[in-house]
Amino acid sequence: MIPSFRVGMGYDVHKLVEGRDLYLGGIKIEHSLGLLGHSDADVLIHAICDALLGAANMRDIGYHFPDTSADTLDMDSKVILRKTIELIATRGYRVGNIDATVCAERPKINPHIPAMCKCLAEIIGCDEDAVSIKATTSERMGFVGREEGMAAYAVCLIVKA
């Protein structure tokens, strides 16, 4: 018997580099550095996708969207999220809610949270209040504190459609 709801947790990190645009939560954010990755490296969407796939017991983002594939090179992470929503739907699930945290020293994330929530909710097909995004720093400690990269954490609830 398939449970009526499941919970998943996701985590992702990407290195900050010059010469790349910064995408978080599906939106472009002005910053002197961007995240390095095979796709557009949207660390927040990647953590959310891992949480959703984990909740549905469908492995992880690297399994479905490998960084060794030419098909995923420079892929827009919004496409990855859309396809992830389609994947969990094959198991009979839809998103109940998402709670995510972005860990970065700069730029300030809080001013962009409403736009990120709106963008993600539109892709997922849920109300904006089902998507919670928070921002924090690492108090200048570790790779995030040295502004070498960003991290994101996500927990999601999926429910039977």
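Cβ atoms here come from the backbone N, Cα and C positions, even for glycine.
Reduced to three states, the DSSP call for HIS46 (divalent metal cation binding site) is helix. For HIS46 (divalent metal cation binding site), the same-chain residues lying six or more positions away in sequence with a CB closer than 8 A to its CB are GLY10, ASP12, HIS14, SER39, ILE61, SER77, ILE80, ALA152. Annotation source TrEMBL lists divalent metal cation binding site at ASP12, HIS14, HIS46.
Residues or ranges marked as 4-CDP-2-C-methyl-D-erythritol 2-phosphate binding site by TrEMBL: ASP12, VAL13, HIS14, HIS38, SER39, ASP60, ILE61, GLY62, THR136, THR137, SER138, GLU139, PHE143, ARG146. DSSP classifies THR136 (4-CDP-2-C-methyl-D-erythritol 2-phosphate binding site) as strand under the three-state reduction. Counting Cβ atoms from all protein chains shown, THR136 (4-CDP-2-C-methyl-D-erythritol 2-phosphate binding site) has 14 others lying within 10 Å of its own Cβ.
Residues or ranges marked as domain '2-C-methyl-D-erythritol 2,4-cyclodiphosphate synthase' by TrEMBL: 5-158.
The site 'Transition state stabilizer' annotation in TrEMBL covers HIS38 (among others). Secondary structure from DSSP puts HIS38 (site 'Transition state stabilizer') in coil. The number of other CB atoms found within 10 A of the CB of HIS38 (site 'Transition state stabilizer'), across every protein chain shown, is 16.
Feature annotation from TrEMBL assigns site 'Transition state stabilizer' to THR137 (among others). Other Cβ atoms within 10 Å of the Cβ of THR137 (site 'Transition state stabilizer'), summed over all protein chains shown, number 15.
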*What is the one among the binding-site residues SER39, SER138 whose Cβ has the most other Cβ atoms less than or equal to 10 Å away?*
SER39
*Using DSSP and three states only, what is ILE61 (4-CDP-2-C-methyl-D-erythritol 2-phosphate binding site)?*
helix
*Cα-to-Cα gap, SER138 (4-CDP-2-C-methyl-D-erythritol 2-phosphate binding site) vs HIS38 (site 'Transition state stabilizer'), nearest whole Å*: 25
*Helix, strand or coil: which one is ASP12 (divalent metal cation binding site) in, per DSSP?*
strand
